[in-house]
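Heads up, the thing below is written out as structure tokens.
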Amino acid sequence: MMTKLPNILLTGTPGVGKTTLGKELAAQTGLTYVNIGELAHEGQYYDGYDEEYQCPVLDEDRVVDELDQKMVEGGVIIDYHGCDLFPERWFHIVFVLRTDNTQLYTRLEDRGYTGKKLQDNVQCEIFQTIYEEAMEAYSEEIVHQLPSNTPEDLEKNLQQLIQWTEQWIKDHN
């Protein structure tokens with residue numbers, strides 16, 4: 001019999017450390033890591049181009065269709081800076097990573113973000129936009145915020161998520 005495994009959403013403003021945490025968590029738990037940006041790029045799941053932000057527009061329906069079967073099977077970590085496009089039934093837990101604004105500003109600048117794109121992302125963090133989006137999209141008891149400022153935070157978050165995953169597996173099998 002196949003072990004039932006949890007689905008985890010890692011979300012938050014770009015630059016908060018979702019990818020680093022997601023890849024490390026997958027490596028240590030055996031869950032499947034899916035970066036939505038990479039998935040969309042590989043499958044060309046786009047619906048036009050946003051001139052203002054200089055980036056392609058995600059075709060959300062195609063992304064959801066592409067992942068649905070995998071999500072039903074379980075054991076998937078999804079990494080994306082948005083969360084209200086995904087069906088509520090997909091996730092057992094949602095982690096919103098949060099980073100101090102000055103740090104986030106530096107991280108995004110290092111990635112080459114400038115002007116409006118840089119300002120909007122930092123503002124998004126200041127106003128807790130993604131956290132509020134997550135609280136509206138999923139039942140509140142599965143949504144958790146994690147500080148993601150230092151390497152120590154990363155290590156602590158990783159240990160916490162590994163423990164949560166192991167406990168979930170114990171409780172559901």
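Backbone N, Cα and C define each Cβ position, glycine as well.
The following features are taken from TrEMBL:
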- GLY15, GLY17, LYS18, THR19, THR20, ARG111: ATP binding site (BINDING)
- 35-58: region 'NMPbind' (REGION)
- 110-120: region 'LID' (REGION)
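Features per TrEMBL, on structure.
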residue : record           : CB count, 10 Å
GLY15   : ATP binding site : 25
GLY17   : ATP binding site : 22
LYS18   : ATP binding site : 24
THR19   : ATP binding site : 16
THR20   : ATP binding site : 17
ARG111  : ATP binding site : 13
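Taking the centroid of the Cβ atoms of GLY15, GLY17, LYS18, THR19, THR20, ARG111 as the ATP site, the other same-chain residues with Cβ within 8 Å of it are PRO14, VAL16, LEU21, ARG107. Outside the region 'LID' (110-120), and at least 6 residues removed from its termini, the chain residues within Cβ reach (under 8 Å) are 14-15, 52-54. The record assigns GLY15, GLY17, LYS18, THR19, THR20, ARG111 to the ATP binding site, and the maximum Cα to Cα distance across that set is 15 Å.
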